[in-house]
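First the structure, in the form of structure tokens, and then the observations on it.
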Amino acid sequence: MKYSLIAALPALAAASPTFSTETIHKQSAPVLSSTSAKEVPNSYMVVFKKHVKDASKHHDWVQSVHSKNTQERMELRKRSSDLPVSNEVFAGLKHTYELSGLKGYSGHFDDETLEAIRNHPDVDYIERDSEVRILGGDEPETENNSPWGLARISHRDSLSFGTWNKYLYAADGGEGVDVYVIDTGTNVDHVDFEGRAKWGKTIPNGDADEDGNGHGTHCSGTVAGKKYGVAKKAHVYAVKVLRSNGSGTMSDVVKGVEFAAKSHSEAVSAAKNGKKKGFKGSTANMSLGGGKSTTLDMAVNAAVDAGLHFAVAAGNDNADSCNYSPAAAENAVTVGASTLLDERAYFSNYGKCNDIFAPGLNILSTWIGSKHATNTISGTSMASPHIAGLLAYMLSLQPAKDSAYAVADITPKKLKANLIAIGTVGALSDVPSNTANVLAWNGGGSSNYTDIIEKGGYTVKKAASKEEEKESEFRITIPSLSELEDDFEKAKESAGRKAHHVGGKL
């Protein structure tokens, strides 16, 4: 489905995406389509029924059908140029998928091959492949201050002049944890990663092992950068599923999820065999989204079932996140965006599929173009990596799997529940009643996971009135602090200028 890297700023009005189902014969597998996404012509994702154990015979069969139909078209074209025979070249089988709960494949097939697939007894359903892209992409202004988002997740109450640029954290946060950033890639040579970022996999065929867009690098920096990251010791693996223009296909995204899940499983096995010292687990971030995709949601849920802790962006359409994927994947942590002024960001999706909020407006992080590049952009794409980093941060506070003090794994389900339980309740304004008003919290710098969890949640104090706030600000008159005060006031003003950050769109 059209996948938009959920970053920067969206168009505000969006129709709720829905599925349409095509059935020609009663016994044929249905073909699912999203009415809100731009389809990739003749490209499909095929999902097997639960009884299928060994898919290799089916893969051989579908390739033979594809080859036979291709040969017949070529023969027809040779016989007569007057016949209405397609000149399109169909690529055949593209990816195979094998995750717990999801087994299938994708490919580029003609209509005859598609009909044969639909009538095969192994096939549960077929989903039309569709485009994915970055959500937004406007070039925003850049602030030179430390990210306010890091400060916000480490403080319970609204940020003030004294706390707005102070991030409290455990020094070893992220140590021993791998984070798979499924995006446009990562500028792995950026100095902020200190050599902890590596290239994992490029899924789009023929694309370079580089981030030509910047979005993935920005997300990776928020996850694990030395200066800009939540979990400053975590290791990042770039999983490129979108091209440099920020777009791609659903089938490539699903393959990227599979790569991350299998890489995590391999890391677990290596740790058990003593080949990956100090390993504590894996998280993943996916700041992309679009129309509803049953296949992508199933892939994410399967990856979580395999032990991969997953954060996904809620979306930037100011609409119900349940109508978007992967935001609707129930096993993942679905993240909405908040502002410096403790509001729900005006673009952030909402609804019962949202699990938590994190900073997402005017977020400073790493960028492409040099080893020192930075950029400030906005979106739920920027909120989600705060949570992916926080999941890694929390995992790192546990003993390593090969340690004599190792404890039972914190399952993704348990850590998700704990993350929500310790969040700051009622922190934000403009949150619909059907949406959890919970802002992420990292424990305020504590390195004791048990202590953080036992502290539980927190309900914010009533915010000061505008008059009280103005009076308090007026009394800050210490000359040596005036420059910092100006920075804070400018940041607050910037957070309130909605139109400025969407290229003038209201």
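Glycine is treated like the rest: Cβ placed from N, Cα and C.
Feature annotation from Swiss-Prot assigns signal peptide to 1-15.
Look at Swiss-Prot and you will find 43-134 tagged as domain 'Inhibitor I9', backed by sequence analysis. Helix, strand and coil counts under DSSP for the domain 'Inhibitor I9' (43-134) come to 32 helix, 32 strand, 28 coil.
Annotation source Swiss-Prot lists region 'Disordered' at 59-79.
Taken from Swiss-Prot, the feature compositional bias 'Basic and acidic residues' covers 69-79.
Look at Swiss-Prot and you will find 147-453 tagged as domain 'Peptidase S8'.
For ASP183 (among others), the entry in Swiss-Prot reads active site, charge relay system, with the evidence type sequence analysis.
As annotated by Swiss-Prot, active site, charge relay system applies to HIS215 (among others), with the evidence given as sequence analysis. In the three-state DSSP reading, HIS215 (active site, charge relay system) counts as helix.
Summarising the annotation, Swiss-Prot assigns N-linked glycosylation site to ASN245 (among others) and lists sequence analysis as the type of evidence. The C-beta environment of ASN245 (N-linked glycosylation site), restricted to residues of the same chain at least 6 apart in sequence and closer than 8 Å, consists of ARG133, ASN213.
Listed in sequence order, VAL179, TYR180, VAL181, ILE182, ASP183, CYS219, VAL223, PHE310, ALA311, VAL312, SER384, PRO385, ILE387, ALA388 are the same-chain residues at least 6 apart in sequence whose CB falls under 8 Å from the CB of ASN285 (N-linked glycosylation site). ASN285 (N-linked glycosylation site) falls within a strand when secondary structure is assigned with DSSP. Annotation source Swiss-Prot lists N-linked glycosylation site at ASN285 (among others).
The site 'Important for catalytic activity' annotation in Swiss-Prot covers ASN316 and rests on similarity to another entry. In the three-state DSSP scheme, ASN316 (site 'Important for catalytic activity') falls into the coil class.
If you draw a 10 Å sphere around the CB of SER381 (active site, charge relay system), it holds 35 other CB atoms from the protein chains shown. According to DSSP, SER381 (active site, charge relay system) is assigned to a helical segment. The active site, charge relay system annotation in Swiss-Prot covers SER381 (among others).
Note on ASN448 (N-linked glycosylation site): other Cβ atoms within 10 Å of its Cβ, all shown chains, come to 12. DSSP assigns ASN448 (N-linked glycosylation site) to coil, not to a helix or a strand. The feature N-linked glycosylation site is assigned by Swiss-Prot to ASN448 (among others), with sequence analysis given as support.
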Pop the Cα-Cα gap between HIS215 (active site, charge relay system) and SER381 (active site, charge relay system) into the table, whole Å please.
8
The most crowded of the recorded positions ASP183, HIS215, ASN316, judged by neighbouring Cβ atoms within 10 Å of its own Cβ, is HIS215
Under DSSP, is ASN245 (N-linked glycosylation site) part of a helix or a strand, or is it coil?
coil
Between HIS215 (active site, charge relay system) and ASN316 (site 'Important for catalytic activity'), the C-alpha gap once rounded to whole angstrom:
15
So what pLDDT does the domain 'Peptidase S8' (147-453) average out to?
94
